[in-house]
Amino acid sequence: MAYIVVEITWKASPAIQEYGAGFLSGRTWDPNTSEYGILPEIWGTLYSSLLALFIGSFFGIAVAVFLSEGYLGNFVFQILKLFGIQFHRFWGQLPSWSESTLKNLVELLAAIPSVVYGLWGIFVVMPLLREPCNWLHDNMGWFPLFGTRYQGPGMLTASFVLAIMILPTISAISRDALVAVPPKLREASYGLGATRWETILSVVLPTASGGIFGGIVLAFGRALGETMALAMLVGNMNTIDVSIFSPANTLAALLANNFSEAGSDEMKVGVLMYAGVVLMGITLVVNIIGSLILQRATKGLKGMR
């Protein structure tokens, strides 16, 4: 690990000396004029990853609840009930065999190549989102998040697919945190007359919240470095826009799209390595924080036993 850090930093040193900290705040990437800045890429990387977390966290935690408690049906049932949506009570408890099936399906999501996710995003997700997104723009275009028309490649498409890609990370770590909750806490809750759902909501989830949050942070770290699917879906435009429909760019996509054109030019390679150093630094910090949170949460749960 140390060798990789030193090697990439060494390759980036010409660009670091030439552009300094201004490289982080610049908005232009133009090899013809040797003007380089990665602020739009930093924005796109963080924005797409956070949006993917917003989309994926609910489903990841819901899957984890079902896998650990056998209660996903009622979990979704209760959430939908908050919005006035009612279903037959059958869906409050799914069959027991569905637990292992869902677990295997979620694990298989992590085995699908990134480029396949990208193709799925282009041919399935984009047509699926086009009409609803344009309706939102036509009727709520005054709201900054819907301020541009949906063009296909852009922040929402990339984040939607990215949310599915990080789902296995969130669900697996959250499930481990939920399983680690001491049985005596559940039994004490039942002894006080709480229902199964009340126990999950008021006892199990709060107790496991540290581990769940650690899993979300680690999923954020994975999302930051995702490359191929983002390069295919994000739009690859150096813009900074809060609209979730607008095209953008990410650090990983920038590297993937420009390395073949750098050739043997020391400065062109250097600026890409500089961007790689920034991406690596952000990812390392996020993953270290996530690991520390998860480690602390695990120790806390062990202390309750």
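Every residue gets a Cβ built from N, Cα and C, even glycine.
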Examine the ranges 68-89, 200-221 and name the one recorded by TrEMBL as transmembrane segment.
200-221
What stretch in 46-66, 108-129, 150-173, 242-259, 271-294 has the biggest tally of Cβ pairs under 8 Å against the transmembrane segment (200-221)?
271-294
